[in-house]
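Q: What Swiss-Prot records for 2-16, 6-18, 12-23 is disulfide bond, and it gives similarity to another entry as the kind of evidence. As annotated by Swiss-Prot, asparagine amide applies to 27, with the evidence given as similarity to another entry.
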C-alpha cells in the first residue's frame, strides 16, 4: 500500500501519489 510519508512523488511507488506529505494510491 501507499502510506509512507513523502515530500515528492519520487519517494512514493509508481502507482502512488504524494499528497499532504503522504503517499496515496492512485489508479
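Positions of Cβ are set from backbone N, Cα and C atoms, glycine also.
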Q: Would you count the other C-beta atoms found within 10 angstroms of the C-beta of residue 12 (disulfide bond) for me?
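A: There are 21 such Cβ atoms around residue 12 (disulfide bond).
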Q: How many Å lie between the Cα of residue 6 (disulfide bond) and the Cα of residue 16 (disulfide bond)?
A: 11
Q: Just counting, how many other CB atoms are there within 10 A of the CB of residue 6 (disulfide bond)?
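A: 19, counting other Cβ atoms within 10 Å of residue 6 (disulfide bond).
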Q: Would you count the other CB atoms within 10 A of the CB of residue 16 (disulfide bond), including those on all shown protein chains?
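A: Result for residue 16 (disulfide bond): 19 other Cβ atoms within 10 Å.
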Q: If you draw a 10 Å sphere on the Cβ of residue 23 (disulfide bond), how many other Cβ atoms land inside?
A: 20
Q: Please work out the number of neighbouring Cβ atoms within 10 Å of the Cβ of residue 2 (disulfide bond), leaving out its own Cβ.
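A: Here the count is 17.
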Q: Through the lens of DSSP with three states only, how would you label residue 6 (disulfide bond)?
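A: In three-state terms, residue 6 (disulfide bond) counts as coil.
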Q: How many whole Å apart are the CA atoms of residue 18 (disulfide bond) and residue 12 (disulfide bond)?
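A: That separation, Cα to Cα, works out to 7 Å.
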Q: Calculate the distance in Å between the alpha carbons (Cα) of residue 12 (disulfide bond) and residue 2 (disulfide bond), and round it to a whole number.
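A: With the alpha carbons as reference points, the distance is 7 Å.
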Q: DSSP three-state call for residue 23 (disulfide bond): helix, strand or coil?
A: strand
